Structures are given as structure tokens and as C-alpha cells.
């Protein structure tokens, strides 16, 4: 394929901008609703009965728990015995005490009043309400007066669960092939009540003393250090905790081994199964460094005497911030310098930083109720990047933040029905729904916006105030706003309005603003108008925000100072009369893209930006370059700007070498490709993409090099994916050769390239290569590698290979783990028509077996979720017919809701609408681009021949 020099073509491309645009698409197809990065606490919940009030009564309050547990988990037994003694205070006179309990039985309950001489222990009756999981304790004739204290003792039994929730059983195979068992916990948000009866609400803080009886060959760890004086062989007791919520309690009974270190006066350990000790070092060193950076930033030391991190073989959540004992999936804690990828290394650092940040936001200062979940998850999302940036500034980690959390938040917040960050919930089923991009990605992005707008100095001092004022208690957003407002006064920093009004405008209403910029090219001024952004440009809303803005123009392209210079103070529009912008200079708002909003410009300014990108792209910050691409895609496909504006802007890419912009481009190209891959003119689209990527693909290559900057490796992977998608011959040839060499000669593929090599190689692979990768998955003990291989196997474009792959999900004799079985179909049906039809064919035969697979936590049935997923990728008549056959077959079963047909129809209709609006202008433009490129190359060749002839004659 001939490479086109875009500098020579810039004038030609300007002419193509005039391509006309037709109607407006009303909504984005479902597969564009990109999910946020791995959600550390995402899990399904079991809907419970509708009740008016799921909150515990407030007549009593816990002060101290003494928890004693006995388990024979070393034998794989699930039964456990427990006794919990709760010291409680009575705040209002009551006739009963109510605590939470889940799936516990054989209760025996006594109570004794404290601080009263000759008080006797009395037996209490108990009633259990399953819907609200209330264990109500009382005795006829017995009253609990206000201002008294009591010791409540409950003996009980339970079973270790097998769905990775509560107090649960986990298994793994050791190096000798033996099955090993361990018992561990995952309590957030309402599962502490499964291990012991308790006041299972985040604001109900108390001290906990944990004692665990276990086989002497096993060890036990918990939030606090071991109390050696109270421990003996087979009985491990722990020091009493500080006051903390029940959901942060944790304990593990296992044969785990550990590495240890100390920094900043804090001992830290990393635990995992035997045989993985050599993979603990990165998590240990990063954990120590991150904790030091966080405690320095907050000006508040870590509150406990030790901090442990543990990798769990079976773990549904990505990670969990148990105070003093954080738990992780193994792939987020174990790192092999020889075999792990840069992605694994980065994930360990950011997820560990996320959980460490929770030790302050969520642990030291709890939230008053789950309605304020963002108040801890938003800070953890922000500091998973900021703490890593402070620890490893050379990584430029905020490009990853921008490509991940920031973009995810903007996409998911574009619905007219987007919920606010603060959102009232009561029931466990409602609480579970809050673990979404709003609580994580949006909250983190909004907090980062204010960190920049108000300056890091004010923001940092405000967080210090908040943590000190509310430590060992629970807080709400108002307390955060007050702490930041006080910081502004302390730093003598003038804010244009009340901090509570400014910040609450973002937390108390859903959605995201669209700023529209109109320039006056005569006097150099410009205006900014705000409205709610949705994917329907005709949607109207009265919402207004306090929006911080700043700007930069081509005369002084300095993007460093991100402090707000202007505000829309709950106003629909403002003017900037003194900007004095030269008419020939581009204008860009939102330096480094730190403000949480989209920005549209008048057509002339868009053209100036395009010219600036084509001629001097490095003058614009990489995150702004990325956001220009992202915004223009949304504006083009929602009818706000012509498609030609986006497609022309992308022609600057031969000179782009940064990660964030290429990540945005990868999203755009991948979305276009989903719709167009079966188009009769698909080759024109491939030609266009090839011209965008060729130059940088040639520069980055397909070989991993030592000593490269961190993001270079991420960027190379994006370029390989895009180049192979475009059919660039060298990309297809080199990735296939690497995979073939692995199969034939055992030549290892560099870890950082495995995902790209496996996926693109498997697209062209014969059965020998496919079977090699398939068996590699079945034999691997590395969770990160297993995830990579599952994703790659779905890239095959051979129906027989894909049938083998998806069918393995229900083969209980193979090496797939329980939680992996429901993850196989998505990599197949999301990679193209062959995989989509293979997935449907598999479900047509095996839908009942697939529906019975274990989802963990009683979550959404995999049959239902994958049918919805398939419908999101269904774009032509053949696919629709096969999908409808499947829906007709299963829709009357108990595995899917009655709304299945309507949900499928909505997804398919959204895809049809997208194609009706976007296909013609896209394909028309790329066809003109290809024809113009060919004509230009022919003219250039003729000119060269003429010059050569003149020289010769």
C-alpha cells in the first residue's frame, strides 16, 4: 500500500470538509456504552422484597464486637461455628434489639446489663425477617432503658459460601496438583452479616476483636496484628481494631506465604499461595511507596500499625479495601518481571493505590450511608492515578486516566436519565446498582476538575481538613464542601461563589454539560454557552452547572496552568470580551482536558484547530488532542457537526505518537468498524485507516524494546490493533509470524505484545495454532495470562475453532475456573460476524446448560446478559434472523425476564438507526479520500517523470 504524505494533501482535505450531513441519530448503540475500567467492587446482588425501610432502628448502637469463629476449611468443610459478643449502648428506650444476619442458623442468644452490680445473664427470644435480614431480639417483660450498656452474646452456625461473597470458600491447585482450600471474606457492602450478626451499616462504627480457631497447619490474618499473648496452636487472636464499619472487617484462613518490608515506619506484607513468592515484590515495593505518597499528600498518617495485601485465587471483586488487609484478584497483585505485561504492572500499581486511598476515604472517614458511595469511590478513582503519578511521575499516568475513567464517565453520563452522584438507596439490591461509572469514573473526574480549577494547594488542604475533622466517624458531601471552603479561606484563595453551591451542582444532578464556543473574529472575543449534553442534539433540559473554564490559543500554546480563569456561575452563557484573539489563531478551552464537559466550537475554529494539528500537533496537549477526537466523534454521529470535520481532523495522525490520542482514535475506529466491516465498500474504509496508521505503525513496530517510556508500550499495542484491522500487510504478516514461531520453535512472544500477537495471529490461524493457544489457556496458572488468552481466542475468524472455544464454557471437565466460564462468549461475538453467529449457534443447542452456569453473588443470568450483548452487535438481516430464532427459543424460560424481546429489539433498532444516519456520509467521504489519494499519487508520479525526462533530454 502506498503511503500518502498528508502535508501535501492538506489543501485537498480542506475541500472535503464541505461534505453535507443528513439527519440526526437519537441514541448511540448499546455497544458504544463503554464500561469503565475494572470496577474494584462491582458485583451483582440478589433483589429483595420491597419494604419501606431497610435501615436498622436507631435505638441501640454497637461499641465493641468480640468475634470468635471456628473452621475446618483445611479439609474443605464449609460449616463454621461462631460466637459474637456485642457491647452496645441504648440511645432510646426500646423493647427489642435489631441486628443484621444473613444465611446463619442455630442461634442462641443471651444478654447482660453492664455497669450494674449483680446483673444476671438472660436468654433472649429471636425472630428472623428474611426480606430485610433483620434478627430481632427481645424477651417478654424486659426493657432496655436509654443510657444503659449491655453485653449481647449470640452463638450461631453458618456455611462458607461458594459464590465469592461474605465468608466464603476458595480453592486452588498447588504445584503438586493437589486441591487446596482457604476461607476468606468479601463484605462490602452488606455481607459482614453473613460471617457474624452485626449492625451492618457503614456509619455504625465499633471496635472489633477477632479470634479464629483453625487447623495448626494453616495461618490466619486479619485487619490487625496477631495478639501473640492470646494466641495458641490452632487459635489465632488479633489485637482490637480502631472504630470501624463492619464491612471493612476481613480475615483469611489459609496456607498463604508472604513477603514483607517497611517504609515510613509502617510494616507491610503481601500474601499469596505458595509458589508465587517471587511475584510479590512489585506489589510490595509499590504498596510501600504509594502509602508514603498518600500519607504525605493528605498530611495524615496511616491509622493502623500494619498494612497487608493478599491475592485470592477466587475473587469476584477486583479488589477490596479492608482496613489493614486489602484483598485482590491474583492478577492484580502478582507480577513476574519475566512474564507479566506492562498492563499487569500498571493495573497492580493503580488498583493498589485505589485500595490504599480507601484507607483514608472510606476507612478512616466512612460514608454516612451508601447514597454517598461516590464520596469514597470517587476519591479512590482519583488517587489510583494521582498516587501513582506521585510515585512514578515518568509514567504520565493521567493519559491513562483520561483514556479510561474520564472517557467512560462522559459516555455513560450522556443519557437524559443519568443519575446524580448522590442518589438515595435503601435495599441491598439498590445499593449494588450504585457501583457504576457514576460513583467511580464520574466522581473521580469531577473531583479532579476541582483539584485543577481551585488549584492543587486549596484542594489538598481541603482534603486534609476533611480527614482530620471526620476521622473515625462518618461523613457526607456537605462536610467535604465545608472543608474545602475553609481551605480556600486558609490559603487566602478567592472563590467566585459558595463552594457548596459550586460542587453540589455536580453531585446533586446527573448528566454532563456541553459548552458551545462562538468566536467573534472581528474583535477577538468569544462567548461560552452551556447546556446538557446528550446523544440527542434536540434534547432540552433546564440543568445548569457551576462550570470552571480556562483557555489557550495558538499565539501562546501553554497548557500547564490548569486553574480556572472564568466560570459559568449557574449561568447559561458568558462572554469573554477581553480575549483579544487573532482571527488566524485556534482557540482551545479546558487545558489538559481536566474539566468534566464536552466542547463544541464554531466551524471556523474547528478548521483552525485541524490546520494546527496537521501542521504542529505537538503544540496542543496530548489529552486535549484526545478529547478533540472524542468530542468530534460524538458531535458527528449526533448531527452537531459534519462527519467530514472528524474525518479530516484524523488526517493529522501520521504525526501523532502519544497514547491518549491514539486510544481515542482506537475507540472511534473500532466503533466504525463494527458497523462497516460487512459493507460492500469496506476496503475504502480500510484504506483510509491504513493511511492514518501506517507511518506510526512503521515507527513503533512490533518488537518490544527495553528502556522505553511507559506509555510507548501501550501506544504500540494500539497501533498494532489498528494497523491489522486496516489490513496493513506488514502488521498481519509479522503478528502471524510471531505466533507461528511460538508454536513451531517455542520462541516466546514478548509479554507486552502477547495480546496483540495472539489476537491478530489467531485471525489468520489454522487449527494447529488455535489448539496450541487453547491448550495454553487450559494449562496456565497465571490469572492475568488466562484473561489475555480468553480474550485472544475469541479473535478467531474460523467457525469450527470458535465453536470449540465457546462450547468449552459448559465442559466441566476442562481447566476453566468457575468465574471464567461466563466470560467466553463476549470475546467471540464482539469480534465480528463469524463469532457472533457461532455464539448464537452454540446457545441454540446448549442454552439451558449455559443458563445454569454459576455467576457468583446470585447475579444476572449469563444467558440473558449474553443475548443482550449479542443484540448490541447485531447489524444486518442475517444476524437479526439468527438472533430472533434464539430469542423465540428461550423467551418463555425462567432464565430470562419477560422484557427480553423488548430489550433486544431496542438494541437492534439503535444499531439500525446509527447505520441509516452515519453509513452514507462516512463511506462517501472515505471513498472520495481514496480516489483523491490515487489521483494525487498519479499526478505526483507524472510530475516526477516529467522532471526526469527534462533532466535526461
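Every residue number used here counts from 1 along the chain in the order it is shown.
Placed from the backbone N, Cα and C atoms, the Cβ positions cover glycine too.
Predicted automatically and left uncurated, TrEMBL annotations should be read as such.
Residue 355 (active site, proton acceptor) is surrounded by 26 other CB atoms, counting those within 10 A of its CB over all protein chains shown. The active site, proton acceptor feature in TrEMBL is assigned to 355.
Residues annotated as Zn(2+) binding site in TrEMBL: 354, 358, 377. The local packing around residue 358 (Zn(2+) binding site), expressed as other Cβ atoms within 10 Å of its Cβ over all shown chains, amounts to 27.
The domain 'Aminopeptidase N-like N-terminal' annotation in TrEMBL covers 62-248.
The annotation domain 'Peptidase M1 membrane alanine aminopeptidase' is assigned in TrEMBL to 292-489.
Summarising the annotation, TrEMBL assigns signal peptide to 1-22.
When other Cβ atoms within 10 Å of the Cβ of residue 440 (site 'Transition state stabilizer') are tallied across all protein chains shown, the result is 30. The feature site 'Transition state stabilizer' is assigned by TrEMBL to 440.
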Cβ atoms near residue 354 (Zn(2+) binding site) (within 10 Å, other residues, all chains): 31
For the domain 'Aminopeptidase N-like N-terminal' (62-248), mean pLDDT (0 to 100): 97
